[in-house]
Amino acid sequence: MQSGNQTSVSHFILVGLHHPPQLGVPLFLAFLVIYLLTVSGNGLIILTVLVDIRLHRPMYWFLCHLSFLDLTISSAIVPKMLSGFLLDSRIISFGGCVIQLFSFHFLGCTECFLYTLMAYDRFLAICKPLHYATIMTRSVCNYLALGTWIGGTIHSLFQTSFIFRLPFCGPNRVDYFFCDIPAVLRLVCADTTINELVTFVDIGFLALTCFMLILTSYGYIVAAILRIRSADGRRNAFSTCAAHLTVVIVYYVPCTFIYLRPGSQEPLDGVVAVFYTVITPLLNPIIYTLRNKQMKAALRRLGGLREVHP
């Protein structure tokens, strides 16, 4: 495998989503509305958690991190997509492509770790309620949250450097709407077999490990919930966990489809990628708001401009 200084491409052209020219403006308006709703919805959750002292608990602290990740993932992808719809501005510099790929995998991997951490938090809250307050202290929560960000940084640095050390000396048209690993690897002027294998193993190992930890946590959680004698208690516990399970499924299914299967069906890849880069960040605040009584009550208090006291 050749590497290093043979890179002669100064920019890439993002082909974007394939659509008839007359749909450019309608698609721009649709994705603009989705993006604004994503930013406002996740921003509202962050504001609510910070303002309402009743939500100053580990579960909502981690939810605040999740909302910030969803907001930034969408902001790393959607603005460039919008400019392609309206202005036909599809050029991205080589450095811009590096930054976009790094940002996407940094934020996405951090979110993967965060889902695992949120499952562990629910496991402690439901299975070990008497020890929960002493285990999940504020400092522990901060260290755990910091660990997810550090883990995402290490993963993305490895993936990004491993790809962009290869030579790019020929075509520069990225047949995708953002710079992602499978699309960028197709433009490399060298054998990418090792890169494809490493990407599969790396992302597969992380995703599978986190997913198995989440399933294990919820196995214990379900067993603990079924032992609750009160019907209301069981219902409240299931309601608390249902939102997290929903967003985990919404997150893992598209990622598995894109990165952990042999071959590629490019048009379908683009549709699935739109789902987890554009739609999922919009769905998460809706799911958590609709399924969580405390969050809905806090939003009503915030909307009523009532001062929140301890």
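Cβ atoms are placed via backbone N, Cα and C, with glycine included.
Feature annotation from TrEMBL assigns domain 'G-protein coupled receptors family 1 profile' to 41-288.
Among the features that TrEMBL reports, transmembrane segment is placed at 27-53 (among others).
Annotated transmembrane segment per TrEMBL: 60-79 (among others), in sequence order.
For the transmembrane segment (91-120), same-chain residues at least 6 beyond its ends with a Cβ under 8 Å from one of its own Cβ atoms are 7, 9-14, 59, 62-63, 65-66, 69-70, 72-73, 76-77, 80, 144-145, 147-149, 151-153, 155-157, 159-160, 163-164, 168, 174, 178-181, 184, 206-207, 210, 213-214, 217-218, 244, 247-248, 251, 255, 277. For 91-120 (among others), the entry in TrEMBL reads transmembrane segment.
Remote same-chain residues near the transmembrane segment (140-158) are listed as 58, 61-62, 65, 102-103, 105-114, 117, 202, 206 (criterion: CB distance under 8 Å, separation of at least six residues from the stretch ends). Feature annotation from TrEMBL assigns transmembrane segment to 140-158 (among others).
Remote same-chain residues near the transmembrane segment (203-226) are listed as 109, 112-113, 115-116, 119-120, 122-123, 126-127, 155, 234, 237-238, 241, 245, 248, 252, 255-256, 259-260 (criterion: CB distance under 8 Å, separation of at least six residues from the stretch ends). Sequence annotations record features per position, and here TrEMBL assigns transmembrane segment to 203-226 (among others).
According to TrEMBL, the feature transmembrane segment maps to 238-259 (among others).
Under the heading transmembrane segment, TrEMBL lists 271-290 (among others).
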